């Protein structure tokens, strides 16, 4: 009996799968500096750990608690629920990071994201950012006042017609790339006056967009201002505000910036219904109100319902910007296709001109035959 037991134990030992040692999961402290592969890209980007979240793991190889991290990248992007498998300290060499990536690729169990994928997915699903954000006083008031003097001097309202507004005449356009008929003229003086505000607005929009749309790194995206204009609201029935609306299906993001005013106003501000998907949802979702003081800057994601509330006295001024956002690769492909079409068109014109009867040598007359006449 003892011999049989010994033989069984010996056979089991011979066929046993070697036990792998526990994997030491890297742990990073909040506020520590790291480098990470942003959204799976090969390049490493500098970042700061802003939060750490413990997630349960069913990986028997994992040793100790598993965490995912929120990162704020040096470029301004944020990412939530990042696996430590793609994070490295600033002192780790590039050779170490490459070797670690190779080991993870060979053995997925080394990747805490694989081991606790469901837990991480649940966590990411729970992270829901609102579709708008407000940055208060992005410029000092004195700076805003200096800029506003130039804005006021350049302000030249244009008559502009849209589907909803046939006689919109309280805005001056610095930039207008949307093809409308008639298209409002651009105001170079206004563009020059607005440039410091436009640059700051671009910075805010890019950061807020990339926080919510994590498919691409900012370096992979092309951001273009479609419209930038200054609106002066007056206490008249047609000019005192802007009713409930979205900024158009072709607008991927918007910025509203409060400006100073020469005449203090009553009323005003901007209301947002973040959770409304369609207009009929508005009465049933929460309204969020923002006074939009000078320098306050609101980011709006695509198709967010909002309104500029009516003023009853004074003047309210605001800068509004509409953006078009596309992957650079898509923009490049469109430009190449457009260039090819233009080249083909020019080639067609040259061919047509070359075959013009006025430039062709006279051909000898062919003898008339019954067959030729009959087939005409």
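Glycine too: its Cβ is placed from the backbone N, Cα and C atoms.
The region 'Disordered' annotation in TrEMBL falls on one of the ranges 291-333, 334-376, namely 334-376. Confidence for the domain 'Fe2OG dioxygenase' (224-327), expressed as mean pLDDT, is 95.
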